């Protein structure tokens, strides 16, 4: 079999782009908690001493956005000005409009309902909030049915935050990045080739101490021992110093970590970000649905790995296309898989919202460490409750 290397990265909750994602989703959750029917498209920018929250929000409730912003920043760990950012003293500017009535026209009553193909009751009168294509992916190379490189990179990033917040490594600060290179023998992951960890730190700690502690307290508890060998390479803060970080080191924007949020580059991406968007936005809800479909198909044993593309037109409820690719691992024909998908999954926006119960404040917890393959939180699109019926109908 051919040997190949594949690399994926993750970032911690203190990374500037992830601060922005978490603020956008914290605002979304605060609104959905009071008004499940709200329309939210919330974008955030963070830089030294400043948070800017912009977007289109249509809701019947009131949310104190600056308060939500400050609470989120404090939870992440930016609580002192010497960290380069402080949730209590940073400026918060908001500029919020209502959703465009032209967009609302297409979303409120889907085109099929207007043309009489279906009743409002059947589709709950929600068309797609935008055109676009979304991808879902699953593979049986890990128990959570995710690609191993992104799965391990997320675990390292989450562990970095754990040892910082528990003060096991009290000199760590919130910003950080991880990267994992996995060696494959054909399609099977066999070892970890390279690990990169960059973490913000107190100025008075030595590079040698950081390297020793990160390998001992972050890498070893997280990466399975059988994947590491004497040839595995470790790069810990390879520039030698990472004191200035967070929004002081780099500006951050919502939606700038879409590959970290999904499959680490192993699958294709339609380009739409998730955070700050209510579930009528198919960028988010249809990507979740595509993952749900893909995971259930792999869990059913119909394929070892699968990529699914869904595509939508604004104001139209039914997907304009559904594509599957099993990379030669399918036990039945791809066309038959598409038939099963159409039969067992309602992929109209209203159907997705109902199927996955998406009008709830569940989004902030997804805004760091990945939206898929999460084993630390219960997400509806990660359930495999349709695997058995799919297996039976596939004749396996």
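Every residue number used here counts from 1 along the chain in the order it is shown.
A Cβ is built for glycine as well, from the same backbone N, Cα and C atoms used for every other residue.
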Name the one residue among 185, 250 that Swiss-Prot lists for the same ATP site as 15, 175, 176, 177, 241, 242, 256, 257, 273, 277. 250
Range annotated as region 'Flexible loop' in Swiss-Prot, from 77-87, 88-98, 99-109: 99-109
Return one of helix, strand or coil for residue 17 (Mg(2+) binding site), based on DSSP. helix
Among all chains shown, work out which of the binding-site residues 241, 277, 281 has the most CB atoms within 10 A of its CB. 277
So which binding-site residues are near residue 257 (ATP binding site), with CA atoms within 10 Å, out of 17, 43, 56, 281? 17
Report, in whole Å, the straight Cα-to-Cα distance of residue 43 (K(+) binding site) from residue 281 (L-methionine binding site). 14
Near residue 43 (K(+) binding site), which of the binding-site residues 17, 250, 277 can be found within 10 Å, Cα to Cα? 277
Of the binding-site residues listed (43, 56, 250), the greatest number of other CB atoms within 10 A surrounds the CB of 43
Is residue 277 (ATP binding site) helix, strand or coil when read with DSSP? strand
